[in-house]
Every structure is written in structure tokens, then in C-alpha cells.
Amino acid sequence: MDNSLHATTIYAVRHNGEAAMAGDGQVTLGQQVIMKQTARKVRRLYEGKVLAGFAGSVADAFTLFEKFETKLQQFSGNLERAAVELAQEWRGDKQLRQLEAMLIVMNKDAILIVSGTGEVIAPDDDLIAIGSGGNYALSAGRALKRHAAQLSASEMAYESLKVAADICVFTNDNIIVETL
């Protein structure tokens, strides 16, 4: 039996001057057991000016949150620089390479995915999703952005994650939304 804790959905969007990130609350042990339904996977960092969300191993994600916040402090809140430096360290360090998590980080100006393989990716359309329900949330978010532009970013984030929760067994509808 797979005893790793994983599976989630994180979605982030910038729309009409607002930035929002949403995450569900489910933590799954292996493929069969829901261990927790109210986990908080989206956090405010750097004096509340940056949002970060994770998908993957919980313990690994906390390590990455700490390292990313250190990089933000080191580079005076420069999101892109902190993300690139974290990705370089993550990829270059033998111990860190073992971490199994992905991050979405954002501020009012940018959204980035940071991965352990060294990628720092900015989406073309100001929305992105990761995790087991990521493709469902991303699809819903794109449809909302195109056809329901009157919604706020926080409403889009919530509704996109709600769609993912309706489809993905590893995503629940205990949704936390943070906005900037």
C-alpha cells in the first residue's frame, strides 16, 4: 500500500485587478484513505503580499514554503527572483531533489509554478492549476474567464475548484480562497 500523503488541487487566477488562489482541504493517504478534510494548503507569505499553494507531499511542501519565504526575504519580495532561486536550489541540492511537491506562487503582478525539476513557469492567460484535480479546475477557470468575465477572481477561483471537487476523488469541496 502507498503510505504517502498527497493529492489536492490548487488554482490561481488574476482577473480585473484582483489576484486569487484557492485550494481544497483533502489530504489522502495512498489511494484509499482520506486522512484530513480541512487542511490549509494556501498560505499568505511576505507580510501578506504573496500567496503560495502546494500540491504533493505535505511535509515536503512545508519545507518548500519555508525556503521560498526565506528567498522572498532575501530578495525583498521579488517574486520572480525568489522563485528562480528556489528552483535552482531545489534542482541542485541532492536532498531537496527528493521532495515531492509543486508550488504555485503569486502576487498582484504575476503567477508562477515552481517545480523540483527546475521549472519556473508563468501562464499565458493569468490562470493556472496544479494537483490531481488541476486539469478540471483549469478547464473550468478558462471557461469562466471567457464566458463569465463579470465574476471576480475570488469567485472564479472558488467555482473552478468546486468543479474539480465534483469530478476528482482526491479533491474535496472544503475550499479556502485567499485574495490580494
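Positions of Cβ are set from backbone N, Cα and C atoms, glycine also.
Listed in Swiss-Prot for this protein:
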- THR8: active site (ACT_SITE)
- ALA165, CYS168, THR171: Na(+) binding site (BINDING)
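Excluding ALA165, CYS168, THR171 themselves, the residues of that chain whose CB lies within 8 A of the CB mean position for the Na(+) site are, in sequence, THR9, ASP24, GLN26, SER132, GLY133, TYR136, ALA137, LEU161, ALA164, ASP166, ILE167, VAL169, PHE170, ASN172, ASP173. Spacing of THR8 (active site) relative to THR171 (Na(+) binding site) is 5 Å (Cα to Cα, whole number). Cβ-based neighbour count (10 Å, all protein chains) for ALA165 (Na(+) binding site) stands at 22. Within the same chain, residues at least six positions away from CYS168 (Na(+) binding site) with a Cβ under 8 Å of its Cβ are THR9, SER132, GLY133, TYR136.
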